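Per TrEMBL, the features are as follows:
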type    : residues                                                              : note
BINDING : LYS8, LEU9, SER10, GLY11, GLY51, ARG55, THR158, TYR164, ASP167        : ATP binding site
BINDING : GLY50, THR131, GLY132, ARG133, PRO134, PHE135, LEU136, THR137, THR138 : UMP binding site
DOMAIN  : 4-213                                                                 : domain 'Aspartate/glutamate/uridylate kinase'
Amino acid sequence: MYNRILLKLSGEQLQGQYAGGFDHARARWIAEQIKPVVASGTQVVIMVGGGNYVRGAQIAGGGIGDVTAHNAGMLATLINAITLADVFNDDGLATRALSTVEVNQFVDQYTYRRAVSHLEKGRVVVVGCGTGRPFLTTDTAAVNLALEMKCDVVIKATKVDGVYDKDPVKFTDAVKFDQLTYDEVLANPDIGVMDKAAIGLAAEEKKPMIICDLLSDGNIVRAAKGEAVGTRLVV
Ligand code: UDP
C-alpha cells in the first residue's frame, strides 16, 4: 500500500458522458472510487486537467497570445478543481481544492504545508492551475507535484487500461504492456500516453507511474494498494 498517491484526472474524464463541461455523476462516481483509498490510509492528491473547457493550444492565435491562451487553460483546470471538490464533499469525501496561482477569492493558494496539513486530516487535496506557468500541461504539473509532495506514485487515470503497442481503439491486435521503461516510452513515437516533458521529468527523478482505466470499478484502489493494474512505467 502506498502512503501517498498523485492521481491525474484529465478534463476528458470529468466531462464524462458529455462532449465538454462537467459530468456531476462522473465526479460522484470518482469520489466513490477514492473513498476506499482514503479509508485504507493512503493520502490522495489530485491534479486536474482542463481540456473539458479549454486547452491553450485550442484558442491561441487569432489575436489571443500564447501566454493568455495557456492562462485560460489553467483557469479551466481551476474550474474543475473547485467543482470537483464540491461534489466530493457533498458525497461525503472530505476534500479541499487549492490553486497554484493566487485567486484567494475563489480558493486557498497551494502551499506544500497547507496541502500536507489537509492530507494529514484525512482530506483529499485537489490542485488547480497546473504548475501556474504557461507552455506546460497538467501531466507535467502532476509529475512535478508528485515530486514536491513526495507521492510514491503518479496514477494517470485514462479511458484505456494501460499502454498498448498501437491504438487499441483502431487495432484489434494491439498488445498491452504490463510494464515499460521510460526509455522505451520515449523511444517509441507511437506511445503518446503522456507528454514528453512529463515522461522526461518522471524518468529523471525515478518516479514510477501507473497508466490505468479510470472506469474499471476498483482500479484506483487496486493501484493505490500496489497491485498490478494497467501499465507501470519505471526507470
Ligand atoms: N496549462 C499550462 N500550464 C500548466 C498546466 C496547464 O499552461 O502547468 C494549460 C495548457 O494550456 C493546457 C491547459 O492548461 O492545455 C489545460 O491543461 P491540460 O491540457 O493538461 O488538460 P487535460 O488534457 O489533462 O484535460
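Positions of Cβ are set from backbone N, Cα and C atoms, glycine also.
All TrEMBL annotations are machine predictions without curation.
Sequence features annotated in TrEMBL and their locations in the structure.
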{"residue": "LYS8", "record": "ATP binding site", "Cβ neighbours (10 Å)": "26"}
{"residue": "SER10", "record": "ATP binding site", "Cβ neighbours (10 Å)": "24"}
{"residue": "GLY50", "record": "UMP binding site", "Cβ neighbours (10 Å)": "26"}
{"residue": "GLY51", "record": "ATP binding site", "Cβ neighbours (10 Å)": "20"}
{"residue": "GLY132", "record": "UMP binding site", "Cβ neighbours (10 Å)": "16"}
{"residue": "PRO134", "record": "UMP binding site", "Cβ neighbours (10 Å)": "17"}
{"residue": "LEU136", "record": "UMP binding site", "Cβ neighbours (10 Å)": "19"}
{"residue": "THR138", "record": "UMP binding site", "Cβ neighbours (10 Å)": "31"}
{"residue": "THR158", "record": "ATP binding site", "Cβ neighbours (10 Å)": "21"}
{"residue": "ASP167", "record": "ATP binding site", "Cβ neighbours (10 Å)": "11"}
*How does the model score the domain 'Aspartate/glutamate/uridylate kinase' (4-213) in terms of mean pLDDT?*
96
*asked:* Less than 6 Å between Cβ and the nearest atom of ligand 1 is the rule; apply it to the binding-site residues LYS8, PRO134, THR158, ASP167.
replied: PRO134
*asked:* Need one number for the ATP-binding residues LYS8, LEU9, SER10, GLY11, GLY51, ARG55, THR158, TYR164, ASP167: the maximum pairwise CA distance in Å, whole number please.
replied: 25
*Near LYS8 (ATP binding site), which binding-site residues out of GLY50, GLY132, PRO134, LEU136, THR138 have their CA within 10 Å?*
THR138
*Filter the binding-site residues GLY50, GLY132, LEU136, THR138 down to those whose C-alpha lies within 10 angstroms of the C-alpha of SER10 (ATP binding site); answer none if the list is empty.*
GLY50, THR138
